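Novice: I have a structure I would like to understand better, so I am pasting it below and will then ask my questions one at a time.
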Amino acid sequence: MKRIAVLTSGGDAPGMNAAIRAVVRKAISEGMEVYGINRGYAGMVDGDIFPLGSKEVGDKISRGGTFLYSARYPEFAQLEGQLAGIEQLKKHGIEGVVVIGGDGSYHGAMRLTEHGFPAVGIPGTIDNDIAGTDYTIGFDTAVNTAVEAIDKLRDTSSSHGRTFVVEVMGRNAGDIALWAGIASGADQIIVPEEEFDIEKVASTIQYDFEHKGKNHHIIVLAEGVMSGEAFAQKLKEAGDKSDLRVTNLGHILRGGSPTARDRVIASWMGSHAVELLKEGKGGLAVGIHNEELVESPILGTAEEGALFSLTEEGQIIVNNPHKARLDFAALNRSLSQ
């Protein structure tokens with residue numbers, strides 16, 4: 001394989017630029033040419049494809065977002081869009097593609113593979129909800145950003161004796177809420193993976209104020225449960241009498257310079273994706289499991305609720321993607337007593 005392309009798709013995540021940089025520089029070191037695709041699958045179909053060299057990725061490792069831009073392009077789910085994209089790739093002499101993004105991006109990569117065009121996926125999303133990897137690019141940065149914000153909210157919460165509901169991104173996964181909640185010493189964490197009793201949440205707030213000597217209360221809420229405003233309304237209906245405020249951290253979690261960890265894992269996975277394409281391997285997604293690189297079938301990782309990893313013998317192992325999350329939920333309960 002002499003010429004490959006790289007794209008970012010779906011929601012942006014800190015560390016994507018580090019992954020692009022690794023793909024470009026690793027490929028060049030292997031004697032391959034690299035092309036960038038602007039705006040994900042939309043740019044692929046439109047032919048927004050151009051050469052990338054070491055100079056173009058210089059000084060990008062510390063930048064958040066993605067300099068290749070990103071876009072959601074539902075038309076690629078249709079056969080017409082897929083064939084149009086492949087036609088553009090062949091027109092530019094491209095033989096394989098590295099796709100950086102979330103599960104929607106992986107579905108696109110899976111379609112390319114089904115049409116016989118080699119594609120390798122790299123998990124890039126702050127949500128950390130991609131099967132086949134313990135961590136996704138951008139997750140660590142998002143958690144650190146959330147912790148910094150919650151620490152500041154605690155300052156004002158304690159100054160005024162208030163309860164704060166802090167809503168964080170994560171789509172249908174509670175990873176950001178759990179990690180940020182534990183790291184910031186949240187009093188309660190509400191995530192989609194665990195059922196909750198709103199009356200118990202309200203009574204816990206009251207008990208903390210009346211019997212534990214606390215003058216403030218922090219609840220970290222994953223957006224996959226409900227909005228912060230809706231949760232606050234339910235709290236009031238359940239009898240909460242505290243001075244309640246809601247803060248939605250929103251898209252701020254997607255921005256900022258990536259952490260050292262995100263830069264390292266992005267570089268590691270980007271380099272390995274090139275190695276796979278050089279070997280002519282497509283239809284795989286790169287991930288990290290137990291601090292080691294792993295490869296998973298894109299077909300498995302793109303299916304919600306499945307978690308696949310490969311042994312050295314090539315056997316597929318199915319694991320439980322929510323075990324660590326539930327362990328963390330139990331951990332926070334024990335620490336917030």
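Backbone N, Cα and C define each Cβ position, glycine as well.
Swiss-Prot lists these features:
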type	residues	note
ACT_SITE	Asp127	active site, proton acceptor
BINDING	Gly11, Arg72, Tyr73, Gly102, Asp103, Gly104, Ser105	ATP binding site
BINDING	Arg21, Ala22, Val23, Val24, Arg25, Arg154, Gly185, Ala186, Asp187, Lys212, Lys214, Asn215, His216	ADP binding site
BINDING	Asp103	Mg(2+) binding site
BINDING	Thr125, Ile126, Asp127, Arg162, Met169, Gly170, Arg171, Glu223, Arg245, His251, Ile252, Leu253, Arg254	substrate binding site
Novice: Starting from each candidate's C-beta and looking 10 angstroms out, tell me which of the binding-site residues Arg21, Arg72, His216 has the most other C-beta atoms.
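Specialist: Of the binding-site residues Arg21, Arg72, His216, the highest Cβ count within 10 Å belongs to Arg21.
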Novice: Of all the Cα pairs drawn from Gly11, Arg72, Tyr73, Gly102, Asp103, Gly104, Ser105, the residues the record ties to ATP, which distance is largest, in Å?
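Specialist: 13 Å is the greatest Cα spacing among the residues binding ATP.
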Novice: Based on Cα coordinates, which of the following binding-site residues are within 10 Å of Gly11 (ATP binding site): Arg25, Thr125, Met169, Lys214, Arg254?
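Specialist: Thr125, Arg254, listed in sequence order.
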Novice: When you tally the Cβ atoms that lie within 10 Å of each candidate's Cβ, which of the binding-site residues (Gly11, Gly102, Gly104, Gly185) has the highest tally?
Specialist: Gly102
Novice: Could you give the Cα-Cα distance between Met169 (substrate binding site) and the residue listed as 'active site, proton acceptor', in whole Å?
Specialist: 7
Novice: Taking Arg21, Ala22, Val23, Val24, Arg25, Arg154, Gly185, Ala186, Asp187, Lys212, Lys214, Asn215, His216 as the record's ADP-binding set, what's the max Cα pairwise distance in Å, rounded to a whole number?
Specialist: 56
Novice: Spatially, which candidate from the recorded positions Val23, Asp127, Asp187, His216, Ile252 is nearest to Arg72 (ATP binding site), comparing Cα atoms?
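Specialist: Going through Val23, Asp127, Asp187, His216, Ile252 one by one, the closest to Arg72 (ATP binding site) is Asp127.
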Novice: Check Met169 (substrate binding site) against DSSP and tell me helix, strand or coil, would you?
Specialist: coil
Novice: Please list, in sequence order, the residues in the chain of the residue listed as 'active site, proton acceptor' that are at least six apart in sequence and whose C-beta is under 8 Å away from its C-beta.
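Specialist: Residues satisfying the criterion: Gly11, Gly102, Thr136, Phe139, Met169, Gly170, Arg171, Ala173, Asp175, Ile176.
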Novice: Can you tell me whether DSSP puts Gly185 (ADP binding site) in helix, strand or coil?
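Specialist: The three-state answer is coil.
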Novice: Which secondary structure state does DSSP assign to Arg254 (substrate binding site), in the simple three-class scheme?
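Specialist: Arg254 (substrate binding site) sits in a helix per DSSP.
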Novice: Taking the binding-site residues one at a time (Met169, Ile252), which has its Cβ surrounded by the most other Cβ atoms within 10 Å?
Specialist: Met169
Novice: Return only the integer: C-alpha distance in Å from His216 (ADP binding site) to Ser105 (ATP binding site).
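Specialist: Cα of His216 (ADP binding site) to Cα of Ser105 (ATP binding site) measures 41 Å after rounding.
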Novice: Name the one residue among Gly185, Asp187, Lys214 whose Cα is closest in three-dimensional space to that of Ile252 (substrate binding site); these are the binding-site residues.
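Specialist: So, spelling it out, the nearest of the binding-site residues is Gly185.
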Novice: If you measure every Cα to Cα distance among Thr125, Ile126, Asp127, Arg162, Met169, Gly170, Arg171, Glu223, Arg245, His251, Ile252, Leu253, Arg254, the residues said to bind substrate, what is the biggest one in Å?
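Specialist: Comparing all Cα pairs, the maximum is 32 Å.
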